[in-house]
């Protein structure tokens, strides 16, 4: 099963992000219900491995915290595959990333080697999409949004469909209210 661990964004962030997606005028926007900040991409994992991971994630005790989104960037190589809102690598966010990565390793998962670059994917770019020619992009470089304190992270299954990826939360892990 293709899986990942992520922070779902609160509904209160949608009024800042959905209009931003419309202004970009490039790529295929990620549906609002799929907007998230990936903590760890797990790639393909067995049900048994995900069960072991679930047990480890249940043990984590992490306080709730907000995330600051600041600026836009392209990612995924050359040509880029996504256009994203960058997230500040705040100490609480980095600590949660390290905690879930540690939990995955304790569960015996072998993780793909990826640098943690916190972001929220806004649009997926196709071969013909040129972000360099999007006049809206330059005008949105100063984008800034702080979320409400995030209350949970989740283990998701990623189901690839011709229409795009669909995400299903397999388990949700609450963060400790502050």
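Using N, Cα and C of the backbone, Cβ positions are placed for all residues, glycine too.
TrEMBL labels come from automatic prediction, so no person has curated them.
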Given ranges 24-27, 28-31, 32-35, 36-39, the stretch to which TrEMBL attaches the annotation motif 'HXTX 1': 36-39
107-110, 111-114, 115-118, 119-122 - the one TrEMBL records as motif 'HXTX 2': 119-122
Secondary structure composition of the motif 'HXTX 1' (36-39) [DSSP: H/G/I, E/B, coil]: 0 helix, 4 strand, 0 coil
Number of helical, extended and coil residues in the motif 'HXTX 2' (119-122), per DSSP: 0 helix, 4 strand, 0 coil
Residue 119 (active site, proton acceptor) to residue 36 (active site, proton donor) - Cα separation in whole Å: 8
